[in-house]
Structures are given as structure tokens and as C-alpha cells.
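Report on one structure; see the data block that follows.
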Number of protein chains: 2
Amino acid sequence: MKVVKFGGSSLSCAEQLAKVFQIVVSDPERKAVVVSAPGKRDAEDTKVTDLLIECAASYLQGKEDNEAFEAIVGRYESIAKELQLPREVVEGIRASLLQLLNSDRSNPQKYMDAVKASGEDNNAKLIAAYFQFKGVEASYVNPKDAGLLVTDEPGNAQPLPETYESLYRLREHAGIVIFPGFFGFNEEGEIVTFSRSGSDITGSILASGMRADVYENFTDVDAVYSVNPNIIRQPKEIIEITYREMRELSYAGFSVFHDEALMPAFRAGIPVNVKNTNQPDKPGTMIVKERKLTNGPVIGIASDDGFSSIYVSKYLLNREIGFGRRLLNILEDFHLSFEHMPSGIDDISIILRQQQLSESVEEQIVQRIKEELHADDVKVQRDLALIMMVGEGMRETVGTAARASTALARAGVNIEMINQGSSEVSMMFGVKAGDERKAVQAMYEEFFAGVTV
Amino acid sequence: MKVVKFGGSSLSCAEQLAKVFQIVVSDPERKAVVVSAPGKRDAEDTKVTDLLIECAASYLQGKEDNEAFEAIVGRYESIAKELQLPREVVEGIRASLLQLLNSDRSNPQKYMDAVKASGEDNNAKLIAAYFQFKGVEASYVNPKDAGLLVTDEPGNAQPLPETYESLYRLREHAGIVIFPGFFGFNEEGEIVTFSRSGSDITGSILASGMRADVYENFTDVDAVYSVNPNIIRQPKEIIEITYREMRELSYAGFSVFHDEALMPAFRAGIPVNVKNTNQPDKPGTMIVKERKLTNGPVIGIASDDGFSSIYVSKYLLNREIGFGRRLLNILEDFHLSFEHMPSGIDDISIILRQQQLSESVEEQIVQRIKEELHADDVKVQRDLALIMMVGEGMRETVGTAARASTALARAGVNIEMINQGSSEVSMMFGVKAGDERKAVQAMYEEFFAGVTV
């Protein structure tokens, strides 16, 4: 049994919905379908979710926003028309949305969440109607009725444990389940939305609750790439990757989707198949618990810039018990999370995301480190990029670090930092942001030229 | 003007003292001579300092130790005889030592320090007598009269700031200053000794206070080697090395002497010349503030085993502000100092010296990390070796990490950890203790074969 999820771009227009229908009915295993709100039809288009936010914002300021309202309903209308669905479908959507917009606004956050969630909710209703219209047994299921209970954190809801047991019952549901993504209900029965890529989260939770054999995540790419396509033209596609590898790759700004969205599926050990709605016959990428190490030691290379390092040196630092801890204490006072902490004998460097480090925060921190820790020297280096090399094979293969650093040397890239030794599946290199592309290209050249991943 | 220091092996017998005399008088710049107590004449021999400790221990238990006492005086006697010094010299030593041993023992620590210090003090008196006997203007100077004031920490005294100004006056001293190493006086006028290699410390303090042009440190090796001679036969000798490089090399169990002993000279920017008493014409090693980068990027390779790593993994660890700090807090509760802290996305490893980590401490720490930090996994790996590659040239040279890791790969050594990015002059590799020799040999092969350092 499969749980299938379609993103906004896969549901942007009638033509796409027709594809989705074909995909679902072509495989009787596809039992539950999680849908997003209609996405962009082209680059200039606006997502329904964004229109809803705009509309809700106006209503919260006490003014109606007919333009946005009509634009939203219009999107569903055009789809319904093209699919020749009965008028009632759109009438229902129009009525319920209007009612929602005019509902209690005493809690703006809750109000906003409810309006945003309607994008998916109404789309699910429309799609269910479409399936029925095509003579397939399918029905819209409301997350509340299904028992998708979540914590009361608007925009960052977490599923409650009992949710999974409740969702298991959906296996007994007659016909195909059409399920809206992006939100659940708190214990008071109020709508609460997930974080970004919320539909991925819903799909992942559903797959886990229903104990699906596979969670199919349909997007608009053929597969997860071994490297950022903006850096390498037509990079190798990854056929099979482990959860761990996926997680480490997702870290450094590299991902088709937010890896945390997949955690419920990962935790339940359910394979995730990333596929392309427009190329459903392609195998896509399979994200699994374990894989055989067929290809080279490295499966992917990710990179991200926007890091800074704070260098602290003090004579006999390594004798001073508690120095590192007191240093981290200071960062914590500014609510800074650090990424890495390479250290020499009389020095420690702290690598952290630059956006956390405003000029003024930087000043205060440097000040405090000098005064409280009596450091001999404190320097801040900005604009670093981290390059992450990932692969389950690395820890068994002698010489991976050598190949990588040799490739960087060949490309004339100076290595500012190497961090290896904790993670078994990744190795990290710090370079100047200006060298990021060059560095990634050199490593890709070294590990992927000729190798099929 | 030069301050010269001779170690115990350079002062173990009359023959050695004759060499010392020749060395000192051969250069009129050699103004002050810091001496240790007579050291071993051969492998089976006992250092005078050790005999003194033995003797003092007995006296503290209320029993005289004539054997040890005679052995001590005997050492000075045999030297004095061979050098044909007047009987009074040894008589004086005998009398003063006897008086010292029978002095107030109410404070055992202070008593022990005073008895230990007499080894250097009496040797300085004997050597001064010898120089005078040879018709050279030289005299014993007592650290108290010279104003060598130190903190009241027996066995770990630190010089007080005013000391340096007082010692400057020694420049005006008539003739050569013969100065006992290893101890100073606290503000109450009591003897307090320095930590190990105490004579090196005295020499370093004297060089700094007297603003010497060079501090000559005479030992029994021709030079500082680029790598441990027990691992590489006849390794390259280092002609010139910077303070920073020396310090980093000294870290990983690598050193002719305790680098901290040289700090007063380093701080004052005084070059330190390590020379061999038995080969005084050899240039030895010059330790300087800055050097020209003539040879390759690497000047030395040091290694040390006996490290453990504590691996901690937890999902979303890198989002948890304060995780690293709380982890270090736990270590601190056990008074553990850590060496390095490589980190992945969901994991942190802590590298620390193994001897700190008893089975029971390990158990408790693992327990607490699991319970208090809710870690998913905590693993301890023992018997790691750290290999430190040092050189001022490294930061300007692209590809040093590549050469090193390639050399290790060629030797079939698996790299457990790489720590680079904080120190500008060193790079650290972690390997299994069993691979230490192989790893150091491979790196030496790579960076020194053919290059003269």
C-alpha cells in the first residue's frame, strides 16, 4: 500500500490534475493521496496560499479584499471548468471560504492558520469530486475526522503520538483517501499548520500512521541530484540514498525538500520515493534505511555559504578546564547556535551562520570574550562557505579525504577548515565563499566524473 | 650579551665541567651561567636531585639517611677532587647541607623544596669556585640577593613581575654570574621551586630580565629534530623554528624541553639557541619570533597516543542552542579538559586524553549524557593517536592537507579525524594508536625526504 503526495506545481491546473489522476489510478496500491494547494502555473503566477495570506491580512485589518478573494476562487473555478465538474463544487468552495474569512478574528494567528489551510482543504475537496466524477471510488477525508492531532504551535505544529494510531484506521477507508496537506487540529479542535513544506509532513505522517510500504513524494524534478544543478549542469541523479545521507545533504542548503518533513516516514522505516509528476515512469530517487554500496564512496556534495568564524586564542588555553564551555556560554547569551568548533592548542574557532551575527552582536561578543575569558586575540572572519561531502561508503574507504583535498588543491582552492571525525557519513570543508563553486566543481569532477550514482 | 644554561647531564662530572668552562670562556658575550644539579653520569647513575628527595624524605620521617647524604656530598667531592679545587669548597657544601637537613621541618613541603633546591645551589657554588680557581672573574649569585621573587606555589612557582626589573641589575655584576637554576624566593624569603625543567625556567627568566641578546640552552642533543628520533632514524635537524611552531610541536609529546619553560624568553622576544655541550661548535637550533620560509611548508611532525573520543549523536542536535555547552558542562563536572571537538550535523565528538577517563568516569559520563541531554547514541572510542603537522608555511601553501592525507592513504592509514582551521601553523590528524608510527613515517617521507630543514 502506498501513500502518495503531490506538490503545488503538480496541482496548478486541470492538465496537471489529469496527470495526477492517471498516476493514482494506474497503481491500485496508491491508497491515500495527500494534496497541496494549487501552485504556480508559470513563473509570473501566484500560489493560492500566498493569495490567501494576502486576503486574510486585509480582513484582519478590517477591510475586505475582493480582488484576492476572486483570484482564489477563480483558480479553483478555472480548474473545475476545464475538468467539467458540477458547479456545486466551486459554489461550495466560494461559500465556505467566504464564511471562513468572516469568522472570528479575535485570535489573528489562529485565523491566519485557518485561512491558509483552506488552500489545501478546498483543493482536496475539488480533487475528490474530480475522482468521483471520473467514476473512481474516492473521497475527501478531513484531518479532524481522521484524528490528525498536533501540538498547538501555529506554523510549526508537531504530531501528537496518538495521531499515528488513529490514522492507521484509514486503511479500512472505502476507496481512495484524498487528504489535505499542511495542517492538523489541536486538542481544542482548532486548525494548526505545519512548518514549510507542510504537505510533505502530512504525507510523511500519513505514510507512517497507515504503515505504508512506500511513501511516494511527487515533485517536479526527476530525482534528487548528487550536486546542486545550479553549480553542475545536468548532475548525476541519485537512484538510492539512505536517510542519513539525505539528512546530511539537506543540511547545507541542498534539498528537493526539507528533510525534517520526512522524519515520520524515516522513523517508521518507510522508504520514500521522490518522483516527477511529469515523468511518472522514471524511477526517481529511493530514500531508504540501508543501501548496498555500489558506486563510489561519495553519493552527494552539498554546499552553502553565509558562514562566519570567530577565532579565539589564548596561551595555555588547552589547560584551562571550562574554557570552551564558557565560550559557548557567551554565544548562548546571544541565542547563537554554532555549527562547528575546530581547535588548535591555544586557539578555538567557532563556525556559525552569518545571519545570526549582526555587526553589533559581533562587537558585543568579541568584547565579552576578550574581557571575560581574557583571550589574547579574537578575530572574526566572514563569508565562508561549507562544502559537505556525503556517503555511507566514506568510512570504509581509505583515501577519500586525500582525493577531496587533492582535488581542491588542483583547483587552487585554499582550505580554510576541515572538519572530519564525528559523522560517519560526511566530511566537511570550509573555503572562502568566493571559492565555493570552484571547490564543488573540483570535487564533483573527482568523485563523479564517469561514476554512475 | 648571552645568558647560558647547562642541564644536569652537562654537569655530571669533572670532564663535563671542563667542557662547560671552555664553552663559557670561549665567548666573552656569555655573561650569566645558569646551572642544574649534577645529573646522571651513565644510565645506572642517580641524579643528585633524586638523592636529595630520598634524603629529605627520611629526615621528614625522623630518621637520618647517612648513605644518601654521603652519596650526595660524594658527587660534589669527586668533581672537586678531579678539578683539584680547595677542600673548603666541599667542606662548605657538606656543612650547609647538614645544617639544611636538620633545619625546621614543621612545613614538610617547604622543607622538601629547600632540600631539593640545594642541589643546584651547591653546584653553582662549586662551579663558581672552579671558574675562580681557573683564574676567571666569576661569582656565585644567590637568587634571593638577585631578587628572583616568585609566587608561593611549591613545585610550580611563577615569577613575580618585579623580578625582571631586579634581575636587570645583574648586567652590572662584575665578571661572570654563576646562578643556580630551579628555584626562587617567595615574599617571606622562603625557597620555592619551579615545575619540571626548572633550570630552563630560571635561564629563561634571567635572559628576559637581563635583556640578553640570546638565551643559549645547552643540552645533550645537537638540535631540535623535525620528528621523534624513536620513529625516524636520524631525522632532519631544525636550524630555525618560530616560538609558535615550537609550542605546537611541544604539545603532542614532542620536545627537547618543556616549551612553557621558554615562555619568559619568548614573551621578551629573545631568541633561544638549543645547543649540545658535547658539540659546542654545531649551530644547534635557533628558536625565534619570525623566520623566513626557506624550506617546505612543514617544519616538524609530532605525535602522541593515549587519546579517547566520546561520540554523541542526537537528531536535530545542531538546532539545539546550548547543546555543546551542556555537554562540556558534564565533562567539567568531572574536571576533564578536552582537546578537540569535531562535529557533524547531528553529532559531536569530544577528543580528550585517555588517562583522565577511567572506566568508572566513562560510565558515569555516558550515563549523564544519555539522561541529561537525551542523546540518541553515545559511544566511546579508546586508543587514538593525534598527529600534529606544524609549519608557518602551511597557511600560505595550497595543498598541504592534500599531500598529508594522500601520504596517509598510500600507507593504508585510515584517518579517524582531521582537525584543521583554527591554528594557522598546524594541522591535526587522528588515527588509531596502532597506526601512529606508520602515519608519522608516511608524512615524514612526504614532507622531508630530500628537503633540508
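Using the three backbone atoms N, Cα and C, a Cβ is placed for every residue, glycine included.
Taken from TrEMBL, the feature ATP binding site covers A:Lys5, A:Phe6, A:Gly7, A:Gly8, A:Thr219, A:Asp220, A:Tyr225. According to DSSP, A:Lys5 (ATP binding site) is assigned to a strand segment. A sphere of 10 angstroms centred on the C-beta of A:Lys5 (ATP binding site) encloses 28 other C-beta atoms.
In three-state terms derived from DSSP, A:Thr49 (substrate binding site) belongs to a helical segment. The Cβ neighbour count for A:Thr49 (substrate binding site), using a 10 Å radius and every protein chain shown, is 23. According to TrEMBL, the substrate binding site annotation covers A:Thr49, A:Glu120.
Under the heading domain 'ACT', TrEMBL lists A:389-453.
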Report task. Compute all pairwise C-alpha distances among A:Lys5, A:Phe6, A:Gly7, A:Gly8, A:Thr219, A:Asp220, A:Tyr225, the residues listed as binding ATP, and give the largest one in whole angstrom. Result -> 21
Query raised in the report: What residues, ordered by sequence, lie under 8 A Cβ-to-Cβ from A:Phe6 (ATP binding site) and sit at least six positions away in the same chain?
Result: A:Val20, A:Val33, A:Val34, A:Val35, A:Ser36, A:Phe218, A:Thr277
Requested in this report: Between the Cα atoms of A:Glu120 (substrate binding site) and A:Gly8 (ATP binding site), find the distance and write it as a whole number of Å.
Outcome: 9
Report summary line: For A:Asp220 (ATP binding site), the three-state DSSP class is coil
**Report entry** Alpha-carbon spacing, A:Asp220 (ATP binding site) to A:Thr49 (substrate binding site), which is rounded to whole Å
**Finding:** 18
Query - Confidence summary for the domain 'ACT' (A:389-453), mean pLDDT rounded - result: 88
Report task. Taking only the Cα atoms, work out how far A:Gly8 (ATP binding site) lies from A:Thr49 (substrate binding site), in Å, as a whole number. Result -> 10
Query raised in the report: Where does A:Glu120 (substrate binding site) sit in DSSP terms: helix, strand, or coil?
Result: helix
